[in-house]
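Data first, discussion second: the structure below is written as structure tokens.
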Amino acid sequence: KDIDECATGTHNCRADQVCVNLRGSFSCQCPSGYQKRGDQCVDIDECTLPPYCHHRCVNTPGSYYCQCNAGFQLASNNHTCVDINECDANNPCAQQCYNILGSFICQCNPGFELSSDRINCEDTDECRTSSYICQYQCVNEPGKFSCVCPEGYQVVGGRTCQDINECETTNECREDEICWNYHGGFRCYPRNPCQEPYVLTSENRCVCPVSNAICRELPYSVVYKYMSIRSDRTVPSDIFQIQATTIYPNTINTFRIKSGNENGEFYLRQTSTVSAMLVLVKSLSGPREHIVDLEMLTVNSLNYRTSSVLRLTIIVGPYAF
């Protein structure tokens, strides 16, 4: 009957060896993960042998295990590494998360930008990006911005300011007044602007009757006109044309600025024998009102002189739009 030396302890195997009973004898072997080198058992470096780990192999005494890079986890076979979907597992992003192989990317909703930690989102101050984003004033809001306009204007197209025609909306003028809209507001002017000895003959036209002796030293007619211009208009700029309404034969017409040009903001350029152009030569800032008298002097071959005045009220708006 075979004696089991391993069971009886009559073998001479080392402590780091495993006794294996044989028929009529015994054998000293190395445990799993070790190999015999002479009389000693030395560890086998499994990381140098197949099957290899997908990413990293860590050798241990008598064994080994596999490790995965960040963003991966071991599959059930303990060798293969599979991607971790961080967006599904525990969304680390403040707003939008996009999974990529081994990692993830955070993105922000429109109107926000990634902070330095690449995870959180900070509001984008669009108003700081450009001074031209709004025509007048930009107001930053969480995730967006809005444009506002000054009083007398309304926002058009989200960014542009358009003048409100108060004469069509909230006309506050009296019955004996006419409403004149200008850039940024409105004004009321008398329907009958004539002053003695002038009398109203048609809308905005006042005539001094020749039967009145006082009229011999005064312009025969005064016509009242109104116009609006924006503030800080580019100069020089043609702004208003004056033209004779009645043309007489054998007469010469000359034009001049009679009053209202004390600071030299205007120049009157004669364009024909019966017309002239008012030119703005100095930029005007509003809001302000200019009243300029443009005179046409008519002389005939018998040296008969008469004149007519166009009283032009120029309203300069408060802004350049």
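Positions of Cβ are set from backbone N, Cα and C atoms, glycine also.
TrEMBL annotations: computationally assigned, not manually curated.
If you look up TrEMBL, you'll see Cys47-Cys57 (among others) marked as disulfide bond. Close to Cys57 (disulfide bond) in the fold, though at least 6 residues off in sequence, lie Glu46, Cys47, Tyr64, Tyr65, Cys66, Gln67, each with a CB less than 8 Å from its CB.
Sequence annotations record features per position, and here TrEMBL assigns disulfide bond to Cys87-Cys97 (among others). Annotation for Cys97 (disulfide bond): spatial neighbours Glu86, Cys87, Asn91, Phe104, Ile105, Cys106, Gln107, criterion Cβ-Cβ under 8 Å with sequence separation of six or more.
Within its own chain, the domain 'EGF-like' (2-42) has Cβ neighbours under 8 Å at 61-63, counting only residues six or more beyond its boundaries. Taken from TrEMBL, the feature domain 'EGF-like' covers 2-42 (among others).
Here TrEMBL flags 43-82 (among others) as domain 'EGF-like'. Within the chain carrying the domain 'EGF-like' (43-82), a Cβ under 8 angstroms from the stretch's Cβ atoms is held by residues 31-35, 101-104, all 6 or more beyond its ends.
The average pLDDT the prediction assigns to the domain 'EGF-like' (83-122) is 93. The domain 'EGF-like' annotation in TrEMBL covers 83-122 (among others).
The annotation domain 'EGF-like' is assigned in TrEMBL to 123-162 (among others).
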In the domain 'EGF-like' (43-82), how many residues does DSSP put in helix, strand and coil? 3 helix, 16 strand, 21 coil
